[in-house]
Amino acid sequence: MKNRNRMIVNCVTASLMYYWSLPALAEQSSSEIKIVRDEYGMPHIYANDTWHLFYGYGYVVAQDRLFQMEMARRSTQGTVAEVLGKDFVKFDKDIRRNYWPDAIRAQIAALSPEDMSILQGYADGMNAWIDKVNTNPETLLPKQFNTFGFTPKRWEPFDVAMIFVGTMANRFSDSTSEIDNLALLTALKDKYGVSQGMAVFNQLKWLVNPSAPTTIAVQESNYPLKFNQQNSQTAALLPRYDLPAPMLDRPAKGADGALLALTAGKNRETIAAQFAQGGANGLAGYPTTSNMWVIGKSKAQDAKAIMVNGPQFGWYAPAYTYGIGLHGAGYDVTGNTPFAYPGLVFGHNGVISWGSTAGFGDDVDIFAERLSAEKPGYYLHNGKWVKMLSREETITVKNGQAETFTVWRTVHGNILQTDQTTQTAYAKSRAWDGKEVASLLAWTHQMKAKNWQEWTQQAAKQALTINWYYADVNGNIGYVHTGAYPDRQSGHDPRLPVPGTGKWDWKGLLPFEMNPKVYNPQSGYIANWNNSPQKDYPASDLFAFLWGGADRVTEIDRLLEQKPRLTADQAWDVIRQTSRQDLNLRLFLPTLQAATSGLTQSDPRRQLVETLTRWDGINLLNDDGKTWQQPGSAILNVWLTSMLKRTVVAAVPMPFDKWYSASGYETTQDGPTGSLNISVGAKILYEAVQGDKSPIPQAVDLFAGKPQQEVVLAALEDTWETLSKRYGNNVSNWKTPAMALTFRANNFFGVPQAAAEETRHQAEYQNRGTENDMIVFSPTTSDRPVLAWDVVAPGQSGFIAPDGTVDKHYEDQLKMYENFGRKSLWLTKQDVEAHKESQEVLHVQR
């Protein structure tokens, strides 16, 4: 197999190269950029100023991931139809309706020269490699461009910023289901009456649950703002919502993750069916990512601090994240980052380390704008009819007619939905609006921080709802729930839209001092799996996302608390244990045991529960690579599905009942598209089976007047009938299908980022990070102040030559990932030199 890096060095820059000695590195000229790749193809960039450093970064990204990045750019800006045709017109329209390009450009124009050098240098580096590709496409043009029939376009700073805006801000900090919630509330009021309907809504979508596990322990602090969902004043002010719920209009995807391009009616049917089967974990679900544990000096063994991160973005080919080392201009860092952002989301600089998980704070509100019946395009605000902002957008369509449409915007934000029957337009207001580029650069600048104070200064500038984590060489650890959050009016129910007439406009933004944070917690560790950051902190408004007594973070807490101290290897092994852990066994086994305790030993329902009792909840593959060694998850899947049908689903009017029917286990033949979580229906059911122990008022009896035991046993009877017909009467012989894991060739938007044949599979689904990394400070087993590892599957590269030759680093981390392995991350010049596979030297004048 050809080594593309060696090919590049020999064919493109041989005249620029000379032997790299360490003294020469220190004395390199201001125009020089050195690119050194390690044995896994991960590049380290050396330059003396910011522009040259990020020029080198953009240059290597283009070498490795040019097609992936081209499709990410088109996906985030809504220009996919231009190269892939009419099936992507609706997708492009949806993308363009969701952002305001002039606002992003204005932020870029306001940057300091130093910060502008980051984006400009990166774009210039991308373009430099594209220019070389254009001079030698027979060798250097990635095959995917020929497969799909177009060529790469040049980059500008706007494109670099929009990759971040579209894949981080708009994916992980833009989720809202307030209009969906209003549709649900409308149906609940029709079924139960106004007062009781609101009470049932509170049972299904509570705002705060005091029993929810928190990343910051109660003894450390509680969230100071109190929310009373019984004091909602805005619900009564809203019009009915009888249109289809907006969640049904999200573009449907197939099992391969590709957009299906369906008619509106068929799309809604597909989304409803997919969500009913897979819930938030499935094809029609929402991101439910990621996990992290940080162990400080009082709990780490043979080290002062250990950080293990597992961001769960989903699995893709090429890899979702990109490994890079940056050295010079005040930077000295190593790690990896999604879509090759110019700021490392996961990494360290030899003194501190950092990582992230999605925060799921509520930083987005929907304002119901009252439209003028006489003046189209006008809405009522502060007693006056105000003209909306608008812009015309034209979608260029490959082999088709261009389509022009209008994007509308009010003082609150872009218009997402219009209900002509009530003369209402729904505008999305983001607390981070206007702070997108500053948020990106906060990630970039944190790479220079050397202590908690410097690091939190950047955390304060990061406006998206993202959890940030910290560790340092002295064994200090910390956590901040970053983001900008609205200071809402009293009586504003953040789960629902509010009138946009002016009275309910935000008072401003809450100060950063209000953000949940902790430094060196008493427990000696920090753990998160997208759970609540702090007691009394309000959850996201997403109907599919709840913080309650049932939470998967308990699986991490339990493992960390089992040992007084953990070594680095033990901390890494938590990945293996949690990735195979059934998430419902711990929650419902006591209920099942209580219900069957009076049954005879021969009763098959008791046999099912005894099988669960003997099981540790860990799913392991049989030798056939297709089935589980234990049938526990299959039993829980069928039982939970039956229980939900008899309880939560029965209590919710159609079509919203489909939101709560998924057990959380069902998936496609290719496996889940992302992280597995406890389903929203299961979380609601868990509160119900707790009875008086639950802090959530049970406005409607989910057991419909029957004893809880009777319903549990009936669901167990369903389970036995279903599984015994399928596998026979001997439970010990049941071999139930395992979940697979697929690295899909379509990005999370559903847009191709590779050819279909680049899809990669592994037999075992692992509920773990898309990448995993571990950083260990002051290890006693080494004379280095820090040791670091990661695994970025399938591999560093995404390059396939025009003749079909696959780069040697395309999938050389696939088996490593499957076996819970890891590779070293190098930082020092000596280590990079010792593990050098190839080298390239550029001389570039600015």
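Cβ atoms here come from the backbone N, Cα and C positions, even for glycine.
Small disclaimer: the values here were computed from a predicted structure and weren't measured.
Ca(2+) is bound by GLU178, ASP362, VAL364, ASP365, ASP541 in Swiss-Prot, and the record lists one more residue there from PRO224, PRO318, PRO494, PRO590, which is PRO494. In the structure shown, across all protein chains, GLU178 is the one of the binding-site residues GLU178, VAL364 with the greatest number of other Cβ atoms within 10 Å. Taking the Cβ of PRO494 (Ca(2+) binding site) as centre and 10 Å as the limit, one finds 25 other Cβ atoms among all the protein chains shown. Cβ-based neighbour count (10 Å, all protein chains) for ASP541 (Ca(2+) binding site) stands at 24. Secondary structure at GLU178 (Ca(2+) binding site), as computed by DSSP, is helix. DSSP classifies ASP365 (Ca(2+) binding site) as strand under the three-state reduction. Other residues of the same chain near the Ca(2+) site, with their Cβ within 8 Å of the Cβ centroid of GLU178, ASP362, VAL364, ASP365, PRO494, ASP541, are THR176, ASP363, ILE366, ARG495, SER540.
Recorded residues ASP362 (Ca(2+) binding site) and SER290 (active site, nucleophile) have their alpha carbons 17 Å apart, per Cα-Cα distance. Around ASP362 (Ca(2+) binding site), taking its Cβ as the centre, 24 other Cβ atoms fall within 10 Å, counting all chains.
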